[in-house]
Structures are given as C-alpha cells and as structure tokens.
Amino acid sequence: MATLLWLHGGACNGNTMSFLNAEYPSVCDLVTDFGIEILWHPSAGLEMGNQVQALLRDILAEKIPLDIFVFEGTVILGPNGTGRYNMFAGRPMKDWVYDLAHVAKYVVAVGNCACQGNIPAVPPNPTESTGLQFHKTKKGGFLGENFVSRGGLPVINIPGCPAHYDWITQVLVALAVGRAEDIQLDEYHRPLTFFKTFSQTGCTRVQFHEWKIAAEEFGQGTRKGCLFYELGCRGPLTHAPCNRILWNGVSSKQRSGHPCIGCTEFAFPWFDLAPGTIFKTQKVAGVIPKETVYEADKFTYMLHAVTARIAAPKWATEDMFVV
Amino acid sequence: MATKQHLVIDPLARLEGDVRADVFVEDGHVVDVQVEAVMFRGFEIILRGKDPLAGLIVTPRVCGICGGSHLYKACQALDTAWHTQVPPNAWWIRNIAQVCETLQSVPRWYYAIFAIDFVNKNYAKSKLYDEVVKRWAPFVGTSYKIGLEISALPVKIYAMFGGQWPHSSFMVPGGVMCAPQLDHITRAHALLERYRTEWLEKVWLGCSVDRWLENKTWDDILNWLEESESHRNSDCGLFIRFCLENGLDKYGAGVGNFIACGSYVDPQFYPVSTIEDRNKALLAPSGVVYNGKYYPFDHLNVREDVTHSYFEGSWMLHPWDEETIPVDPEVAKKQGKYSWAKSPRYLINGQPVPCEAGPLARQVVAGYEEAKHTCTAAGCVEHAIDPLFRNIVNKIGPSVMVRVLARMHEAVKYYKWAKQWLGKVDFKDDRFYNKPKELPDAKGFGGTEAARGALMDWIVLENGKIKNYQIVTPTAWNIGPRDSKGQMGPIEKAIVGSPVKNPEDPIEVAHVARSFDSCLVCTVHVYDRKSRKELARFKLGGTK
C-alpha cells in the first residue's frame with residue numbers, strides 16, 4: 001500500500017503515454033494488485049479544480065501521507081526566476097514541486113526533462129528550465145545537490161526521452177513492496193539495475209560492430225551493418241537497457257535501423273543539436289570516431305579496426321535480416 | 001431572476017499543458033468565456049540556428065501524445081524543402097505508423113480521458129448510471145481495462161517500424177530508417193486483428209466493422225441502435241443512449257467552420273515531394289469548410305494572430321514569417337493578452353476565419369464530393385469520401401456527442417486502411433530510403449492529421465541551419481484566444497451556450513473542453529458577470 005501523486009511541469013506527456021503502455025504490471029495492475037493509490041494524476045485523475053487544490057493542501061499539511069511523488073517535465077523557472085511560464089492551481093508549479101518534494105517519502109523524476117532539463121533546457125533555454133536535482137550533467141538542479149527525501153534517498157532519476165514504462169513501473173513496485181533499500185543508484189541517481197548496462201547490450205547488430213562493418217545509409221542498408229560508425233549511434237556509450245527490455249515489448253531503436261540518440265545520458269540532446277551533429281558520427285581526420293568505447297590510443301584502434309574488417313566472415317557483409 | 005455565478009476550476013486537468021478559462025454564466029448557461037493556456041516551453045525558439053534535422057528529434061517531444069504525428073509532418077517539411085523522392089514502400093510504412101498512432105489514441109482517449117466524467121455523481125439519477133460506472137470507472141471499469149490494454153497494441157506496430165513509441169525519429173527526409181521484414185508485416189496484421197476482435201467489434205460496436213460502415217446518415221445510426229441488443233448494449237450504443245438522455249447532443253457546437261490539412265500519401269501521386277503536389281496525393285482529404293462550402297486547402301492562407309497571446313506584437317503573419325517572442329504574462333495581461341496559445345486563422349477571400357480542427361473536421365471535409373477532385377488519391381480509396389458526418393452535422397448540428405462519435409468512427413475507418421496499407425508494402429522493391437540532396441537554403445511545409453487534428457510545420461533553412469521554425473497544432477486551432485477582430489476560437493465558442501445545471505459542479509463545461517481532446521491542462525473560471533466575485537468553486541463529485 002503506497003500513495004502516489006504525479007504532476008506535470010514543462011512536460012510533453014510522453015512519459016505518461018509510455019507509462020500507459022505498461023504490461024507487467026499494467027497501470028491498472030499497479031492499482032488493483034499492488035495497492036498503489038494514485039491520489040491524482042493530471043491525465044487520469046477524476047478530481048479537478050478545487051478538489052485538487054484541497055488534496056494538495058492536505059498533503060502539504062500532512063493530513064494525507066505522500067509516499068511517492070512522481071514528477072514529469074522540467075521545472076520551469078522563467079521568466080526571471082518567477083516561474084510564471086508554468087502556472088498550476090493558482091501558483092507557479094515550481095513552488096508546488098518544492099513543497100511536495102519536502103513532504104514526500106520518495107521523489108521520482110520520470111523522463112529526461114525532470115531528471116536534467118532535456119530539450120527545453122537547450123540553449124538559449126527560453127523558459128529557464130532545469131531538472132529536479134541535475135541541470136544537464138551538473139548536480140544541483142532545482143532541489144539542490146544535497147536534497148534527500150524523507151525516505152532517505154535523493155531524487156530517483158528514471159531518465160529517457162521518454163522513460164520506458166517498465167523502468168517506471170518496476171521502480172514503483174519496488175517502492176510499494178518495501179524494497180527501497182535495494183534501489184542502488186549511480187552517480188546520476190539512475191537505478192543501477194537498469195542503467196549499468198549499455199544500450200548496445202543485446203543489440204542485434206553487435207556482431208557488425210565487432211567486425212567493424214558499418215551501415216552506410218538509412219533504409220535498405222540498415223538490415224546489415226552497425227549504426228555506430230557512420231550514423232551517429234550512441235549505443236556503445238549510453239547506459240540504458242533498451243535492447244534488454246524492449247520497447248513496447250517488441251523492438252528497440254537499433255533493431256529498427258534507428259541510431260541510439262543517447263537519451264538516457266544527462267548530456268542529451270548531444271551537442272545541443274548543432275548543425276552537422278544529428279545522425280552523423282563525429283570523427284577525427286574523417287575516419288576515426290571521436291568517441292569510442294576503446295581505451296586504447298587512436299593508432300591501436302585503427303589497427304584493430306583494419307584487422308577486424310579483414311578477418312570478418314562473409315555473412316558480416318551480407319543482409320543478415322532478410323525479408 | 002437571473003443567476004450570475006463565478007466558479008473556478010484550477011486545474012481542469014486531463015488535457016496536456018495548462019489552461020485557464022473565465023466563464024460567465026447567466027440563467028444556467030454560459031454567456032461568455034476566455035480560455036487561457038498557461039504553460040510555455042519555447043520549442044520554436046530552441047530550434048533556431050540548429051541542425052536542419054533537429055525538428056525530427058525536437059518536435060516529437062512537443063507532444064508525447066502525438067509525437068509520431070509531429071515526426072511525420074516535421075519530416076515532410078524537410079521533404080518538401082529538399083524535394084525528396086521518397087520510395088513507395090517508405091510512404092506506406094510512414095502511413096501505417098501514423099495511422100497506428102491514431103488507432104492507439106481512440107480507445108485511450110475515450111476511456112482514460114473522456115468517459116470517466118460520466119462517472120460523475122451529477123449523473124447518479126441516470127437510468128444508465130450503474131452500467132456506466134461498471135464499465136467506465138477509472139482503473140477498475142471493465143471496458144476501461146480492456147480499452148487501456150488494447151490501446152497499447154497499435155503502437156506495438158509503430159515500434160516494430162520505428163523502434164519505440166512514443167518519441168521515435170525513424171522517419172527521415174527521403175524515407176524511413178527501417179527496412180522491415182516479413183514477420184513485421186505478419187505480426188502487424190495479427191495485432192490489428194486483435195484490436196478489432198477484442199475491442200472494436202466486441203466491446204465498442206457490438207457488430208462487424210463492415211456493418212458499422214454501412215451507416216451513411218444519422219437516421220442510419222438511430223436504426224442501427226435499435227437493430228439489436230448487441231448494438232444497444234455495446235459501448236458505442238451505451239454512449240449514444242447516455243448522450244441523448246443527458247442532452248450531450250444539444251451543446252458544444254463551436255464555430256461551425258472546419259479545417260483538415262489532410263494526411264497519408266499515395267506514393268503513385270507523389271513521386272517528388274513538393275508543396276504544390278501534396279493535396280492531390282492525400283488519402284485522407286484536405287479542405288476547409290466555411291459556411292457550408294468547401295474550399296481547397298492552401299497552406300499560404302494560414303495565419304497566426306498573436307493579438308491576445310503572450311507574445312510580442314499584435315500582428316497576423318504566415319508561419320514562414322512568424323516570430324515567437326515571449327512576454328511575461330504579468331506584463332502582457334496589461335496589453336489585453338491572455339493566453340500562451342496563438343490564434344491560427346485561415347483566410348477565406350482575404351478574411352481570417354477561425355476553424356475547428358480534429359476528427360469531426362476531417363469527417364465533415366470528407367463529406368464533400370469536391371474533396372475528391374482536389375485530393376485525387378482520396379477519390380480512389382474506399383471510405384475516404386464519407387457522407388456520414390456531413391449528414392449528421394446538417395441534421396442535428398455539431399455537439400459534444402457528435403464530436404466524440406466522429407473520433408470513434410475513425411477507429412473503424414483507420415483499421416480498414418491500416419490493413420490495406422500493410423498489403424501495399426512490396427518486398428520485391430526493397431528501397432525504403434533515397435538519400436536526398438540537402439539544400440542549405442530552402443523553405444518547407446509539412447502537414448498531417450494528428451489524432452486531435454491538423455498539425456503543421458513550416459521551416460526556413462539558411463546556410464544549412466534552421467532560420468525559422470513554426471509549429472501550428474490542432475490545439476492552437478481549437479483553443480486559441482480571440483483574434484484581432486475579437487473572433488473566438490472553436491473551444492471558447494463551443495463553451496458559450498453550454499448549460500451549467502449544477503454550479504457546484506459544471507461538468508458540462510468540462511465535457512465541451514474534453515470533446516476537443518486538447519493537449520492542454522485546462523483551468524476554467526466562471527465569473528459573476530457584473531461583480532466578478534467568486535461565488536462558488538467547481539467541484540467534481542469523484543468516486544471517493
């Protein structure tokens with residue numbers, strides 16, 4: 001039994017939409033099987049207007065205990081720190097967020113916006129958006145680097161643009177069944193159980209990566225080859241379980257020929273979307289990827305790459321995923 | 001004696017983003033209203049100076065509900081800017097993905113967003129109340145659970161082609177990133193069949209999709225309702241009976257003008273992506289209906305009016321020339337501005353006209369034979385030209401009920417189309433992408449029909465960077481504030497005239513706002529027209 005309140009700041013509702021796709025457990029299962037009482041959710045709550053305001057006041061007065069406070073979207077501080085670019089229930093949303101985070105047992109940031117500011121915070125950051133406890137890769141964010149909720153944990157960050165439904169529901173179940181202590185967090189407060197491995201872990205193209213066979217172009221070319229060398233895939237560099245816990249239960253970006261865009265890392269969107277950086281691998285001397293998973297020097301990398309390509313079996317240059 | 005009341009809803013909720021509206025009530029009816037969108041994120045500002053492809057990553061994140069639709073039109077804006085030659089297979093995959101996003105939206109919206117308001121205690125005296133609660137109560141209602149589960153199926157199809165839903169960026173100028181295999185196509189068929197058998201026919205219609213599509217008039221639908229117990233007892237049957245019993249067919253009309261920019265492309269009519277050839281290639285027709293007359297859609301007639309929006313200026317510009325300069329609401333209010341939404345208008349004979357966007361708009365436009373001639377491809381596909389909703393609107397007028405029914409009708413049509421289009425993917429032609437020549441200086445326009453209506457992008461490229469990017473959403477068409485001529489947008493207009501039976505709980509206003517399925521969280525303030533004093537606050541019964 002746990003109470004849950006979910007609010008939207010500078011949000012697109014993508015994390016809610018992802019959440020509603022949940023399968024095991026489904027959103028209905030969370031309510032009926034795990035006793036999670038959803039006090040209110042902006043897209044699913046029956047209550048409106050004054051009832052919501054009364055509920056929020058009761059939570060702040062601690063008449064209603066709040067076990068899990070879920071926040072989706074950026075904390076909007078603009079203009080000039082007033083928060084007036086995002087009003088909610090009669091006051092700036094940032095003020096509600098601050099107060100609720102300080103009475104909640106656990107605070108969960110779902111999606112990159114709440115984790116680190118994400119796309120709304122890309123320069124020039126017109127809304128002065130930031131994340132709950134990080135601003136991009138820098139710790140601090142809206143609540144400050146020392147914030148710890150009453151349950152003894154900092155903001156639990158479930159990054160991604162959006163966060164996968166399964167990452168959200170499993171964390172909620174862990175909190176609901178009393179396993180908060182087992183949630184180990186990395187330096188960005190991401191649950192290690194999901195974010196220790198890479199987006200590449202489980203990728204069906206990983207053999208092409210090993211043999212250094214590149215996909216050159218989108219479309220037909222991507223039934224074969226690795227998306228890392230030319231098309232900007234960040235799979236080997238991104239902490240995420242996208243090829244282990246499939247999207248919508250059926251696929252992943254790489255499996256569909258879509259380069260990983262590294263959306264669970266706090267530097268996302270990479271290079272602030274500067275010209276020449278989207279779906280293109282950044283290279284040194286036009287050949288060597290600027291960022292590689294190798295710790296060796298560039299010469300050793302080149303040697304390894306050439307050797308691998310020479311040694312590659314015939315199938316590695318063929319269309320492996322045939323019609 | 002006239003009653004004059006001021007009620008406050010803050011937040012109204014279940015619409016993405018924030019909205020507040022001032023509603024003035026006399027004699028139990030709304031006589032005036034102001035709707036205010038109160039959240040700003042500045043995506044158009046962020047896009048300036050960025051990579052031309054940035055729109056593919058950024059615009060799906062404008063709205064996670066319609067992210068695939070944002071991608072579709074952002075991609076098309078670059079296609080038209082660069083005159084790409086998209087292979088036929090890529091168009092079919094784009095169409096299938098796009099239509100699946102709407103197939104997802106229909107049950108998810110109906111059960112999670114709309115129908116739960118019928119559980120409101122205001123309706124406790126309805127003969128149908130117990131049945132409504134049993135089926136449509138949030139999280140525990142029998143149909144609610146099925147509806148939510150089934151809504152996750154069409155987006156599995158999207159994910160097979162796009163890697164994930166929401167927020168894929170798999171459509172690129174020149175085609176798509178994926179190269180599907182046979183099992184993706186067969187699995188997509190299976191998922192669509194499950195959607196039809198487990199929900200669309202079994203729960204929603206109580207009949208076959210083909211039987212439903214025989215309905216061409218409002219009288220047909222009334223006859224269909226009485227034809228069998230399974231029709232009457234279906235969720236659709238219950239919805240219609242509940243609406244007629246409670247008067248939801250009597251209010252929420254709106255402006256009576258409709259816009260559809262059209263969507264889904266037949267590649268044989270579109271070998272090269274140009275703005276000029278777009279209309280004729282559309283499978284879901286475009287058009288504007290004004291005063292009951294059809295006008296072909298031309299993006300050059302779109303304007304954005306910012307007179308009452310929290311942006312600098314009081315101009316009305318075409319999106320290629322539009323600016324987006326935010327003003328602090330505290331300052332802007334003193335200039336008579338009251339919303340973050342802009343007010344899109346369509347020029348008819350040079351005059352700016354407010355138009356409703358959405359499923360009802362699409363279906364009314366589809367009721368005109370002229371649409372067939374403008375959009376040649378639509379004339380070739382079954383159910384694209386469809387008289388049903390033009391007939392219903394002529395017969396009983398637009399309303400909350402009719403608007404919702406149009407949305408649900410599309411699930412049936414789009415199921416059929418998705419099945420047909422899967423059949424068009426031809427593995428003998430294995431091209432899914434033609435690398436385009438990226439022009440550093442160009443202008444583009446892309447449009448589609450998101451689940452909630454016409455969604456369009458305009459892009460200006462200069463020196464290989466984005467110089468200007470403007471997005472006009474269906475929600476802006478519907479929820480935008482008054483324009484420079486004082487004309488209300490569709491939602492403001494639709495709320496005026498709505499009954500407010502219980503001032504403690506004016507659920508009718510919520511029904512009207514929700515029937516448009518706006519992507520905004522709504523705050524409704526109902527004021528005493530004279531004293532402007534708050535008399536009561538909006539409370540919803542709830543289940544607690």
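Using the three backbone atoms N, Cα and C, a Cβ is placed for every residue, glycine included.
Automatic, uncurated: that is what TrEMBL annotation is.
Positions annotated as Mg(2+) binding site by TrEMBL: B:Glu44, B:Ile471, B:His525. The Cβ of B:Glu44 (Mg(2+) binding site) has 21 neighbouring Cβ atoms from other residues within 10 Å, across all protein chains displayed. In the three-state DSSP classification, B:Glu44 (Mg(2+) binding site) falls within a helix.
Feature annotation from TrEMBL assigns Ni(2+) binding site to B:Cys63, B:Cys66, B:Cys519. Of all Cβ atoms in the shown protein chains, 28 besides its own fall within 10 Å of the Cβ of B:Cys63 (Ni(2+) binding site).
Per TrEMBL, Fe cation binding site is recorded for B:Cys66, B:Cys522.
Neighbour counts were taken as the number of other C-beta atoms within 10 angstroms of each residue's C-beta; across the binding-site residues B:Cys66, B:Ile471, the minimum falls on B:Ile471. The two recorded residues, B:Glu44 (Mg(2+) binding site) and B:Cys63 (Ni(2+) binding site), show a Cα separation of 13 Å. A straight line from the CA of B:Cys63 (Ni(2+) binding site) to the CA of B:Ile471 (Mg(2+) binding site) spans 12 Å. Using a CB-CB cutoff of under 8 Å against chain A, the binding-site residues that qualify from B:Glu44, B:Cys63, B:Cys66, B:Ile471 are B:Cys63. Here the Cα atom of B:Cys66 (Ni(2+) binding site) is found 13 Å from that of B:Ile471 (Mg(2+) binding site). Reduced to three states, the DSSP call for B:Cys66 (Ni(2+) binding site) is coil.
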